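Below: the structure, in structure tokens.
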Amino acid sequence: MWFLILFLALSLGGIDAAPPLQSRVVGGFNCKKNSQPWQVAVYYQKEHICGGVLLDRNWVLTAAHCYVDQYEVWLGKNKLFQEEPSAQHRLVSKSFPHPGFNMSLLMLQTIPPGADFSNDLMLLRLSKPADITDVVKPIALPTKEPKPGSKCLASGWGSITPTRWQKPDDLQCVFITLLPNENCAKVYLQKVTDVMLCAGEMGGGKDTCRDDSGGPLICDGILQGTTSYGPVPCGKPGVPAIYTNLIKFNSWIKDTMMKNA
């Protein structure tokens, strides 16, 4: 599945030995129940593969590298492996990867230096509108650029260990810092562009991880990004992760939703 290949194959420059194994490489914690009502769990053939963000009753935003041939989603979940009466299951009627995302990169066994993963966004149209409740709510797109130094919250059910790919039952939250893009450009061999955000902790240990892709990055209370890619192992010191800079895509998101309502 291509979303796994992307995460595992990205190469880094100027990076020394990996940090020792940590029980929670993302350095996160159990999110307060129902505190992230826009969080979406994206599935392929009954397997959780990515995160997502509910934008309105009919649309979910996720990462383009999560592309597969069919999807289903769960809304309003807190426990990944348990049934919850308040959660809502929806099929996806159609997916809309950003036309500027280079899908051919997902076919490669290894990712070459200089590869450009810009435009890592995809919209999913739900087959049936979500019911808006206390635990299922959309979140608005940003209206202004985020500032480096902002405190951000990322969330998801991705791996909580760096190499053994251990998923949690509880939705995980982690606080990280928005950094200048130069911090990422120095350590990745792939391109870091202005449609990306760089976020993490330079000391390591706090990070998103495999299968968090497409989930929300909320900075100073505003949705500013979605998880794109990061180092292997996750939480590597000196290596922040890459997120898609959503304000650069407001027009595409709104136009796509309107034309395909």
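Including glycine, each Cβ sits where the backbone N, Cα and C put it.
The annotation domain 'Peptidase S1' is assigned in Swiss-Prot to 25-258 on the grounds of sequence analysis.
Shown in sequence order, Gly28, Phe29, Asn30, Cys31, Lys32, Ser35, Gln36, Leu153, Ala154, Ser155 are the residues of the chain, 6+ apart in sequence, with a C-beta less than 8 angstroms from the C-beta of Cys173 (disulfide bond). Under the heading disulfide bond, Swiss-Prot lists Cys31-Cys173 (among others).
Annotation comment: Swiss-Prot describes Cys50-Cys66 (among others) as disulfide bond. Reduced to three states, the DSSP call for Cys66 (disulfide bond) is helix.
For His65 (active site, charge relay system), the count of additional Cβ atoms within 10 Å of its Cβ stands at 26 [all protein chains shown]. The feature active site, charge relay system is assigned by Swiss-Prot to His65 (among others).
DSSP assigns Asn102 (N-linked glycosylation site) to coil, not to a helix or a strand. Residues or ranges marked as N-linked glycosylation site in Swiss-Prot: Asn102.
Taken from Swiss-Prot, the feature active site, charge relay system applies to Asp120 (among others). Around the Cβ of Asp120 (active site, charge relay system), 27 further Cβ atoms fall within 10 Å across all displayed protein chains.
Among the features that Swiss-Prot reports, disulfide bond is placed at Cys152-Cys219 (among others). A strand conformation is recorded for Cys219 (disulfide bond) in the three-state DSSP classification. For Cys219 (disulfide bond), the same-chain residues lying six or more positions away in sequence with a CB closer than 8 A to its CB are Pro146, Ser150, Lys151, Cys152, Leu153, Leu178, Gly225.
What Swiss-Prot records for Cys184-Cys198 (among others) is disulfide bond. Neighbour list (Cys198 (disulfide bond), Cβ cut-off 8 Å, at least 6 residues apart, same chain): Leu178, Leu179, Pro180, Asn181, Glu182, Asn183, Cys184, Ala185, Val192, Pro240, Ala241, Ile242, Tyr243. Secondary structure at Cys198 (disulfide bond), as computed by DSSP, is strand.
According to Swiss-Prot, the feature disulfide bond maps to Cys209-Cys234 (among others). For Cys234 (disulfide bond), the count of additional Cβ atoms within 10 Å of its Cβ stands at 30 [all protein chains shown].
A coil conformation is recorded for Ser213 (active site, charge relay system) in the three-state DSSP classification, outside any helix or strand. Using a 10 Å Cβ-Cβ cutoff, Ser213 (active site, charge relay system) registers 29 neighbours. The active site, charge relay system feature in Swiss-Prot is assigned to Ser213 (among others).
Checking each of the recorded positions (Asn102, Ser213, Cys234) against Cys50 (disulfide bond), the C-alpha distance stays within 10 Å for Ser213. You'll find the Cα of Cys234 (disulfide bond) roughly 19 Å from the Cα of Asp120 (active site, charge relay system).
Distance noted between the C-alpha atoms of Ser213 (active site, charge relay system) and Asn102 (N-linked glycosylation site) is 17 Å. For the pair His65 (active site, charge relay system) and Cys209 (disulfide bond), the C-alpha distance works out to 14 angstrom. Rounded to the nearest whole angstrom, the C-alpha distance between Asn102 (N-linked glycosylation site) and Asp120 (active site, charge relay system) is 9.
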